[in-house]
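The domain 'Pyrroline-5-carboxylate reductase catalytic N-terminal' feature in TrEMBL is assigned to 2-99. The feature NADP(+) binding site is assigned by TrEMBL to I6, G7, C8, G9, K10, M11, S34. TrEMBL lists N55 with the feature NADPH binding site. According to TrEMBL, the domain 'Pyrroline-5-carboxylate reductase dimerisation' annotation covers 162-266.
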Amino acid sequence: MKLGLIGCGKMGRALLEGALKAGIVKAEDVYVSSRTAETRQALSDELGVNAVESNVEVVQNSNAVYLCTKPHIIPLVLVELNEEPECLNDVLLISAAAGLTLETLESPLPHGTRMVRCMPNTPSLIGKGAAAYTLGTHANDADAETTCKLLGAAGSVIEVPEKLMDAVTGVSGSGPAYVYTFIEALADGGVFEGLPRQQALELATQTVLGAASMVAETGLHPAILRDMVCSPGGTTITAVKALEDNGFRSAAINAVSASANKARELGRK
Ligand SMILES: NC(=O)c1ccc[n+]([C@@H]2O[C@H](COP(=O)([O-])OP(=O)(O)OC[C@H]3O[C@@H](n4cnc5c(N)ncnc54)[C@H](OP(=O)(O)O)[C@@H]3O)[C@@H](O)[C@H]2O)c1
């Protein structure tokens, strides 16, 4: 597969490195664009990919292209690609931009352009991403397969109806940041209770990793797993009450909703 990336910042690079590490693309078959010579040099030195200035050149040399610039830049990129419409004849475009609808993505492009809207997350960098996608109007079964192969190389992938993409942004697109905050806070608690910072961080990180793996590997509902570790009148149920007293659950729900609303707002601009 010949893969392209327009925008190779935090998210684009995570998706690219995930695909390279999984071996589904070879570095010499990858074209990425960057406006700055320094970044192009770094991408080519560090990853061995072809780094070019022109977004059109990326599309001309690819079967599938991730659109990974900030959402407000994507319309400018689409205008640029539309100036050389023949480059869009035989390529799949996969937008990772928060909020931008398929209608916004497809309408400036020639009729028939194959588009997918996806929402990945940055743990893709280490093959532990969580992504969702929606097929555009002209995307076909082979495009669904390509999308699953690319996103699947960097973690787990599900298909959702487009109306749920902003909810996905709230849960998994922005989710790593909530979890980093929780890990840090858990470690802070340990430090408050006297643990050295490094040990507190190690315990907190492994606890989140272990608990997440328990949910994933046992398939049990998190509430069942939590009940299993809360002995009557014990330390853990006392701590769970403290979390509930402080609005932990509604803070998480509100965070997801705030991110989804922000994505909707980006889509309206
Ligand atoms: N970060 C996340 O956790 C995350 C999660 C899910 C989805 N996303 C989505 O991923 C997209 C990228 O986010 P990000 O966090 O990776 O942003 P970022 O780190 O700022 O990367 C965006 C890249 O776009 C490049 N760029 C800017 N203008 C360009 C243009 N006209 N043509 C080609 N490239 C251009 C910039 O590189 P140069 O300046 O070198 O050109 C920059 O490195 C966003 O749409 C976001 O909604 C991000």
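Please read every residue number as a count from 1 along the shown chain.
Cβ atoms are placed via backbone N, Cα and C, with glycine included.
Other Cβ atoms within 10 Å of the Cβ of S34 (NADP(+) binding site), summed over all protein chains shown, number 22.
S34 (NADP(+) binding site) and N55 (NADPH binding site) have their C-alpha atoms 8 Å apart, to the nearest angstrom. The secondary structure of S34 (NADP(+) binding site), as reduced to three states from DSSP, is coil rather than helix or strand. Counting Cβ atoms from all protein chains shown, N55 (NADPH binding site) has 26 others lying within 10 Å of its own Cβ. Here is what falls inside 10 Å of the CA of N55 (NADPH binding site) among the binding-site residues G7, C8, G9, K10, M11: G7.
Residue environment of M11 (NADP(+) binding site) contains 25 other Cβ atoms, counted within 10 Å of its Cβ in all protein chains. Taking the centre of the Cβ atoms of I6, G7, C8, G9, K10, M11, S34 as the NADP(+) site, the nearby residues of that chain (Cβ within 8 Å, site residues left out) are L5, G12, R13, V32, C68, T69.
Applying an 8 A CB threshold to same-chain residues 6+ apart, the list for C8 (NADP(+) binding site) reads L16, V32, S33, S34, T39, L43, A51, C68. Within 10 Å of the C-beta of G7 (NADP(+) binding site) we count 24 further C-beta atoms, all protein chains included.
C8 (NADP(+) binding site) falls outside any helix or strand according to DSSP and counts as coil.
When DSSP labels each residue, the domain 'Pyrroline-5-carboxylate reductase catalytic N-terminal' (2-99) comes out as 49 helix, 19 strand, 30 coil, counted as helix, strand and coil in that order.
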